[in-house]
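Colleague: I have a structure here, written as structure tokens, and I will follow up with some questions on it.
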């Protein structure tokens, strides 16, 4: 079986990461610090990637551009690995910051993977289905592959490597505890080495 070296990179800091609310989170852009983080991540790539996979969101494209500036001949593809939007941005639009925070807490306390908050939101079950599909597709790749994605999505992928990808309230609860205790930082790189379909080992993080 072919060897896969996989790097997962979270996009650089965005306006939303700074606490600015947006009812169009897919359109948020990198801040000056986020661009610095993306540049530093790109500088750690000292060999040409065989494939660069990015989320369709603007912040992932902006982060990927720093890598493409360094390795312009890299093959690039867009996969449906956008971030998990579990509360409806349009519903939250007129709520206070305190009310938004309360809704976030209530969502995770409810712990219902099949609940969907609106047409512009996604259930946890559908989110995990995308993560599972990503796992199915990524293990078929070979060579040096870089993925530019989002904190919760990439964390769910890592969590699934040791806990499986079958949705349940227990999975959802444990994931939330793990993700909030150790979130992926903006610009952080997770290096994974896949030698076969079942043997994923985390080499190191930077």
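Backbone N, Cα and C define each Cβ position, glycine as well.
What TrEMBL lists as substrate binding site is 10, 11, 12, 13, 14, 15, 16, 17, 59.
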Colleague: The record names 10, 11, 12, 13, 14, 15, 16, 17, 59 as the residues that bind substrate; what is their largest Cα to Cα distance in Å?
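Modeller: If we measure all Cα pairs in 10, 11, 12, 13, 14, 15, 16, 17, 59, the largest is 15 Å.
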Colleague: Say we define neighbours as other CB atoms within 10 Å of the CB. Which of the binding-site residues 10, 59 has the fewest?
Modeller: 10
Colleague: Can you check which residues sit near residue 14 (substrate binding site), meaning Cβ under 8 Å from its Cβ, same chain, 6 or more apart in sequence, and list them in order?
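Modeller: 28, 29, 30, 31, 34, 59, 186 - these are the non-local Cβ neighbours of residue 14 (substrate binding site), listed in sequence order.
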Colleague: Might you list, by sequence position, any residue in that chain lying six or more from residue 12 (substrate binding site) with a Cβ less than 8 Å away from its Cβ?
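Modeller: Residue 12 (substrate binding site) has long-range Cβ partners 30, 31, 33, 34, 35, 36, 37, 38, 41, 59, 62, 63, 186, 187.
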Colleague: Quick check: which same-chain residues outside 10, 11, 12, 13, 14, 15, 16, 17, 59 lie with their CB within 8 A of the centre of the substrate site CB atoms?
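Modeller: Near the substrate site, the remaining chain residues are 28, 30, 31, 34, 186.
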Colleague: Over all shown protein chains, what is the count of other CB atoms within 10 A of the CB belonging to residue 16 (substrate binding site)?
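Modeller: Counting Cβ neighbours of residue 16 (substrate binding site) within 10 Å gives 16.
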